[in-house]
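Student: The structure's right below; bear with me while I get my questions together.
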Amino acid sequence: MDLKFNHSRKYISITVPPKTQTMSPHIKSIDDIVVLGINLSRFNKLTQFFICVAGVFVFYLIYGYLQELIFSMEGFKSYGWYLTLVQFAFYSIFGLIELQLIQDKRRRIPGKTYMIIAFLTVGTMGLSNTSLGYLNYPTQVIFKCCKLIPVMLGGVFIQGKRYNIADVSAAVCMSLGLIWFTLADSTIAPNFNLTGVILISLALCADAVIGNVQEKAMKLHNASNSEMVLYSYSIGFVYILLGLTCTSGLGPAVTFCSKNPIQTYGYAFLFSLTGYFGISFVLALIKIFGALLAVTVTTGRKAMTIVLSFMFFAKPFTFQYVWSGLLVVLGIFLNVYSKNMDKIRLPSLYDLINKTVEMRKSRTLAQTV
């Protein structure tokens with residue numbers, strides 16, 4: 001719509017862009033959410049949720065298997081940061097390709113924000129990959145699952161959110177279940193190393209913050225997933241490259257990987273490809289449903305990853321894993337319920353008592369009649 005008034009010295013033009021055009025990044029307009037060519041905006045919320053969950057589970061289960069497979073190779077455990085460097089390089093290439101396929105190629109999020117997000121991403125993935133050189137895979141995954149409470153705390157302090165009793169109960173159940181799992185693992189297969197615990201704990205803190213920062217930035221500036229991936233991982237690539245160069249860790253890693261190109265670069269490509277697809281669905285979850293639900297879904301995925309890890313890689317087993325896993329599942333249910341309290345109404349204790357009294361009265365009346 002154009003309104004133009006052209007008199008002798010006055011010229012006023014008001015232009016309202018059509019829906020296909022992108023509005024100002026500071027205006028929260030409703031854009032299409034496209035993930036791997038799938039326009040999620042065409043579906044209802046429930047369908048969007050199931051599509052995102054399916055994408056997260058499928059791609060990240062393959063991702064977890066390849067990650068453990070790479071670190072099971074003899075001599076590779078000390079090169080976790082180099083694997084992260086290669087992973088960030090592939091992510092940047094994938095993000096650039098995807099960004100070229102969309103019409104709007106402008107960067108909407110400020111560069112300073114991307115520098116912060118990139119730093120947190122490096123901390124999350126780099127420290128997590130490096131910790132596998134000191135911890136076994138299930139223990140590392142268990143520690144990563146415990147980020148639910150830090151995400152909630154980050155939501156409170158960063159975005160000023162408030163969570164209900166169901167969310168808090170979900171976080172408590174999941175954390176207790178994961179702690180129980182860790183204790184069981186340390187009992188039957190003690191493989192703990194203080195360095196690994198410190199690394200994964202720092203990765204956990206960075207991971208707890210990054211979800212809230214990404215959610216706030218994407219909603220404020222209405223940025224696309226491909227933009228977020230491209231800039232955060234390309235800047236993170238520079239961070240890691242500078243770090244490895246300054247610490248002289250680049251040369252030995254390149255030499256080792258050049259001797260085993262298929263087991264390193266080949267697996268790293270598939271590892272990065274599935275991880276990129278997975279992170280695209282995670283970012284869609286964050287943008288549509290928020291950081292807390294996204295973390296809940298990824299936590300459930302990690303539980304499934306642990307099951308597959310026991311299936312494909314020989315490890316000792318105890319039924320404490322099962323009971324602690326069920327406690328985690330209860331936490332996931334409580335979180336999903338808290339997000340759909342208006343659709344799923346569980347009966348209260350008062351309702352149950354009233355229903356029981358009414359049933360007894362009806363039985364007594366029937367017997368009297």
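Positions of Cβ are set from backbone N, Cα and C atoms, glycine also.
Sharing the feature lines straight out of TrEMBL:
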TRANSMEM  49-67  transmembrane segment
TRANSMEM  79-102  transmembrane segment
TRANSMEM  114-135  transmembrane segment
TRANSMEM  141-158  transmembrane segment
TRANSMEM  165-183  transmembrane segment
TRANSMEM  189-210  transmembrane segment
TRANSMEM  230-253  transmembrane segment
TRANSMEM  265-285  transmembrane segment
TRANSMEM  292-314  transmembrane segment
TRANSMEM  320-337  transmembrane segment
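For each listed feature, how buried is it and what is near it?
Tutor: For the transmembrane segment (79-102), same-chain residues at least 6 beyond its ends with a Cβ under 8 Å from one of its own Cβ atoms are 34, 70-71, 122, 125-126, 129-133, 224, 226-227, 229-231, 233-234, 236-237, 240-241, 243-244, 249-250, 252-254, 256-257, 264-265, 268-269, 271-273, 275-276, 279.
Beyond the ends of the transmembrane segment (114-135), by six or more residues, the same chain brings 67-68, 71, 77-78, 80-81, 83-84, 87-88, 143-144, 191-193, 195-197, 199-200, 202-203, 205-207, 209-210, 213-214, 217, 228, 231-236, 239-240 to within a C-beta distance below 8 angstroms of the stretch.
Away from its own ends, the transmembrane segment (165-183) comes close to residues 138-139, 142-143, 145-146, 148-149, 152, 292, 296, 299, 306, 320-321, 323-328, 330-335, 337-338, 341 of its chain (Cβ-Cβ under 8 Å, at least six residues beyond either end).
When Cβ-Cβ distances below 8 Å are used as the criterion, the transmembrane segment (230-253) is approached by residues 79, 81-82, 84-85, 88-89, 91-92, 95-96, 98-99, 107, 109, 114-115, 117-119, 121-122, 126 of the same chain, each at least six residues removed from its ends.
With a threshold of 8 Å between CB atoms, the same-chain residues lying at least 6 positions outside the transmembrane segment (292-314) that come near it are 52-53, 56-57, 60-61, 64-65, 68, 72, 137-138, 141-142, 144-145, 147-148, 151-152, 155, 163, 167, 170, 174, 181, 211, 282, 285-286, 321, 325, 328-329, 332, 335-336, 339.
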Student: Answer yes if the transmembrane segment (265-285) and the transmembrane segment (49-67) have at least three CB pairs under 8 Å among residue pairs 6 or more apart in sequence, and no otherwise.
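Tutor: Output yes: the transmembrane segment (265-285) sits against the transmembrane segment (49-67).
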Student: Checking distant contacts: for the transmembrane segment (49-67), what same-chain residues at least six beyond its ends satisfy Cβ-Cβ under 8 A?
Tutor: 35-36, 38, 40, 43, 129, 132, 137, 141, 267, 270-271, 274-275, 277-278, 280-282, 284-285, 288-289, 297-298, 300-302, 304-305, 308-309, 312
